[in-house]
Amino acid sequence: MSKVKEELENDPLMPLRHTAEHVLHLAMQELYPSLKKAMGPPIEEGFYFDFDLDEKVSSDDFVKIEKRMQELIDADLPVTLVHSSVKEAKDIFKDNPFKLEWLQEIHNRGEEVTLYEMGEKDGKHYDLDLCAGPHARSTGEVKAFKLLSVAGAYWKGNEKNKMLTRIYGTAFDTKEKLEKYLKNLEEQKKRDHRKLGQELELFTFSEEVGPGLPLWTPKGNVIREELEKWAKDTEKKLGYMRVATPHIAKHTLFEISGHLPYYRDDMYNPMDIEGEEYFLKGMNCPHHHMIFKSKPKSYKDLPLRYAEYGMVYRFEQSGTLFGLMRVRAIQQNDAHIYCTLEQAEDEFLKVLELHEFYYNTLGLTKDDYYIAFGLPDTNKKEKYHGDKATWDKAEELMRKACKRSGIRSIDDVGGAAFYGPKTDFTIRSSTGREFAISTNQLDLFMPQRFNLEYTDKDGSKKLCVVIHRAPLGSHERFIGFLIEHFGGAFPVWLSPVQVQIIPISEKQIDYAIKLQNMFIERNLRAEVDDRSETIQAKIRDAQLQKIPYMLVVGDREVQNNEVSVRLRTGEDLKAKPLTEVLAKIEDIYLTKSLKLW
RNA sequence: GCCGGUGUAGCUCAAUGGUAGAGCAACCCCUUCGUAAGGGGUAGGUUAUCGGUUCAAGUCCGAUUACCGGCUCCA
């Protein structure tokens, strides 16, 4: 994406990382003389290089490779630019098909060929590579580096091409910066939603149920239901009406929608019902369209907003499944808005504003998210249907709405849906990881295919516009994001257990249960830890579960009708009147406050 | 789907090709405690699955499966 590229070019570490990348491939060349070098760039947090090699390389080999890299760095090899003609370069790289292919492209674009030399030609270490630069002056400028992972990658990112071996690494100008970076990686691992999901008992997977099919445990389901309730309440006020549709449909529905021709590979195989093919739905739109069509519509009915918490099923490739972030059964905060062309821009803007409302409530600001504006890749026309004029119209309307919203937007060529451009909200979590959370489209094509029409003032039939939107995306991915963003320490309203009541001894259990019931009456989620454990152990366990409030009750509290409040931040608020605590927590819950007190 | 790696008790991890172990959790007993782990005991395993090599396989080999790191993909 353009923005990222700009940022990268301005990154002062870029030349150094680029040089580190060359150090890596020279070290590899020396260790595995038969390998062929493909290519590798500096990237946002480091660099990688793709090799074509016969041997298997695993992270166990990193020690050996890093040792050799360090030798090259210690040798402080000069890195110098060499100009060359295509012809000369083709001769130099005559044994390397990757470089030759690259050279041909440079030639076709009419660009200049630049090579970078590392070390002295007849010296102990020497490398000459096709490269646009820029570089550090010498390898000695790489003060700190580390290899991070090894992976497979297709040559030029095309799955029809050969699979190469990719090695990822990072480099810095000081050891301290590297250590800080590695520490941050460790922190991110601790926040990994898969790890926290297990520790906090939010969800699980079962080999018997199948990959990519998450099972929500009681605690995780609390979060789902809170989000769902929130969306239902919010969207009701905004004029959405709820509908409900089955999980399957006859093939004819998906033929009309175009999903079968364009999207068949991502749908599960059909089941035969009385000689007719039925498919599990991968999206809710066609079902909603049939509700729209069930009765003639007037311009007075528009905009019409159908919302559904629909479960959809997508046959994601096994290798792409990833915790809650990429699953095969997806619960969407879905809705389709049917409106006139004139209403479309305003309606789309309202959708964008709804996103802002949701994200702001969760403490995210405009700096934390942006819109990836998905445009068609003109080189892959077969991936899209419809005519250019309609695509352009949809893009224009969406762009206007995006502009009015004031939300940052970045073009993403190739990111369009098959039936139109789309806007994906991308959120940066508190650890700096980015997640594509919500997809929205202004669709001028489905109305044509389904003949979604209304009768206008003058009695003429007109096609409406459909807006697809899902601000909370799929609950799987959204909750995955929330887990990592909050590191499991959810705001009170989303916390599976909000209040842990901790009696000091058995004597206070009755009081604790009475207290628990008072919370439950207020729809708050409270548990009593009645184990015969020490208070220290009970505090520790509640703390590890990141429960916002620990209410300690001993004889003193029972006597005075109080509770001692400890927050999960470790703060001890001491004894407070029960009524005050109940009111305070209830208020924080109802207002969805991010504060604890 | 592709490349590479991993799979031992609910969890975190041990175990030269030679009797599968520990801590935590669970269960039982003791303890009744004032803000991040009180003590003792019991039980828990077809070492992911299937096949092979071997006198002998958790360990070596093959296939399958799931997961992990990426790639491709992502309505």
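Any Cβ shown, glycine's included, is placed from N, Cα and C.
Summed and averaged per residue, pLDDT over the coiled coil (A:168-195) gives 91. TrEMBL lists A:168-195 with the feature coiled coil.
Marked as domain 'Aminoacyl-transfer RNA synthetases class-II family profile' by TrEMBL: A:192-491.
When secondary structure is read from DSSP and collapsed to three states, A:CYS285 (Zn(2+) binding site) falls in the helix class. Summarising the annotation, TrEMBL assigns Zn(2+) binding site to A:CYS285, A:HIS336, A:HIS468.
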List, in sequence order, the residues of the same chain other than A:CYS285, A:HIS336, A:HIS468 whose Cβ lies within 8 Å of the centroid of the Cβ atoms of the recorded Zn(2+) site.
-> A:MET283, A:ASN284, A:HIS288, A:HIS289, A:ASP334, A:ALA335, A:GLN441, A:ASP443, A:MET446, A:VAL466, A:ILE467, A:ARG469
If you tally other C-beta atoms within 10 angstroms for each of the binding-site residues A:HIS336, A:HIS468, the top scorer is A:HIS336
